[in-house]
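What Swiss-Prot says about this one:
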type     : residues : note
TRANSMEM : 13-33    : transmembrane segment
TRANSMEM : 40-60    : transmembrane segment
TRANSMEM : 76-96    : transmembrane segment
TRANSMEM : 112-132  : transmembrane segment
TRANSMEM : 141-161  : transmembrane segment
TRANSMEM : 194-214  : transmembrane segment
TRANSMEM : 237-257  : transmembrane segment
TRANSMEM : 260-280  : transmembrane segment
TRANSMEM : 328-348  : transmembrane segment
TRANSMEM : 354-374  : transmembrane segment
TRANSMEM : 414-434  : transmembrane segment
TRANSMEM : 443-463  : transmembrane segment
Amino acid sequence: MKTTHRTRMPTTLEAFSPIIVMLLLLGLGYALFDLPAEPLMIISTVFAGFLVFKLGHCYLDILDAISEKIAKTMPALLILITVGLLIGTWISGGTIPMMIYYGLKAISPEYLYVTALFLTAIVSICTGTSWGSAGTVGVAFMGVAIGLDANLAATAGAVVAGAYFGDKLSPLSDTTNIASAAAGVDLYEHIAHLLYTTLPSFILSATVYVVYGLNYDFSNVATPEKVNTMIHELEQVYHFNFLLLIPVAIVLWGSITKKPTIPVMLLSAFIAIINAILIQKFSLSDVINSAVNGFDTSMIHHTSVSSDLSRLLNRGGMNSMMGTLLICFCALSFAGVLQLSGALTVIIQKLLTFVHSTLSLIITTILCGLTMIGVTCNGQISILIPGEMLKNAYVEKGLHPKNLSRTAEDSATIIEPILPWTAAGAYMAGTLGVATLSYLPWAILCWSGIIFAIIYGASGIGIAKLKK
């Protein structure tokens with residue numbers, strides 16, 4: 001039965017102790033010893049559970065708190081599953097390959113850096129994966145840069161910036177969905193609000209890349225064979241025509257008109273399935289398998305496919321989201337128990353004693369995000385926990401929670417790839433062949449978002465108020 005006897009609020013030390021334990025476990029276990037984050041989050045939840053018992057609650061209270069927290073974010077979790085389905089069908093239907101194909105054909109030496117920014121951004125928006133776009137199209141651009149004797153650090157920075165621009169704004173991205181869910185904001189409303197900081201950062205990045213590219217002394221070298229091979233293979237595998245863009249148009253229409261996300265994505269996936277069967281001539285079995293388990297180039301029987309193209313196309317499917325869902329369940333369980341204990345209320349009250357303006361609240365959010373990503377090295381947790389902790393603080397200050405979701409992404413999602421010790425930083429450095437600290441100055445979008453967030457916090461521009 002549920003608690004019927006007296007409970008109490010935690011002291012300040014008790015309130016902060018679960019957060020401290022979580023940071024220590026993730027900082028030591030995940031960052032230093034490469035242990036999986038999920039069991040570390042579960043241990044943190046168990047510790048928070050002991051605190052809850054000490055405060056007078058019972059086991060059923062804990063279960064109810066966890067269930068309630070997960071139930072509130074279930075729509076976003078269902079969107080993540082639908083995103084996996086969408087990516088798999090878009091690849092089998094030829095939508096994503098068509099975008100990549102025409103992007104690769106548009107490469108010009110003087111505009112190499114800005115083209116890398118735009119194309120990786122487009123691919124990342126369409127796929128919702130920064131790692132995927134950097135590991136495929138990004139690698140192709142690094143090959144082009146080597147062939148043209150271009151600045152490799154600048155090229156890598158442009159690739160990373162483009163990849164995370166798309167990841168940040170894509171309705172298919174896990175972090176975008178998690179940020180909106182953590183703050184309790186509609187997905188498309190969150191994406192629209194992100195433009196205040198992300199678009200100026202993108203324009204600044206593009207301007208720097210254009211000016212630098214036009215003033216860089218390029219040798220008159222042809223496009224590297226690696227890129228030509230990828231273009232040729234895409235021509236052999238897919239039949240390209242404007243019908244392949246209908247799934248993208250549907251998602252854009254849904255975003256502009258603010259239609260329910262899941263039905264829009266399912267409609268887009270359905271059209272992509274029709275394209276895959278009627279235009280690309282894949283079997284119904286292969287297309288359904290792409291939707292569930294992800295596309296695999298072994299489904300292509302009429303021509304051979306290189307390992308580079310396989311890396312580009314082998315992705316998607318509902319099952320690809322299971323790892324993300326697992327970490328979400330673990331983090332939400334921790335947040336649910338933390339909320340039951342009253343620790344979040346105590347923490348917020350303590351924070352509000354130092355927060356006297358919109359600017360100080362924005363800076364507090366940024367510091368929380370930077371601390372979480374720097375210590376835990378996990379972008380999803382770094383968005384979820386600050387979102388849960390600070391949501392009520394924004395409401396109490398009369399600020400819309402979408403300011404929180406935007407700032408959480410500015411200080412966590414796009415910061416991760418420019419920190420050498422994070423998984424994203426290590427992946428980008430290893431994949432692109434350029435050290436993290438070398439491409440950091442050129443990944444302008446990744447660090448300038450925080451600057452714009454602080455400017456908006458100080459000026460009040462782009463800060464949404466709660467409607468009374």
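Cβ atoms are placed via backbone N, Cα and C, with glycine included.
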* Please work out which recorded stretch in 13-33, 141-161, 237-257 has the most C-beta pairs separated by under 8 angstroms from the transmembrane segment (76-96)? => 237-257
* Asked: To the transmembrane segment (112-132), which of 40-60, 328-348, 354-374, 414-434, 443-463 is linked by the most Cβ pairs under 8 Å?
  -> 414-434
* Answer yes if the transmembrane segment (194-214) and the transmembrane segment (141-161) have at least three CB pairs under 8 Å among residue pairs 6 or more apart in sequence, and no otherwise. => yes
* Check the transmembrane segment (414-434) against each of 40-60, 141-161, 354-374 and return whichever range has the most CB pairs under 8 Å. => 141-161
* To do: Sort out the residues at least 6 away from either end of the transmembrane segment (13-33), same chain, that have Cβ-Cβ distances under 8 Å to it, and list them.
  => 40-41, 43-44, 47-48, 51, 54-55, 334, 337-338, 341-344, 346-347, 350, 371-372, 375-378, 381, 385, 421-422
* Structure fact -> Counting Cβ pairs closer than 8 Å to the transmembrane segment (141-161), the top stretch among 40-60, 328-348, 354-374, 443-463 is 443-463
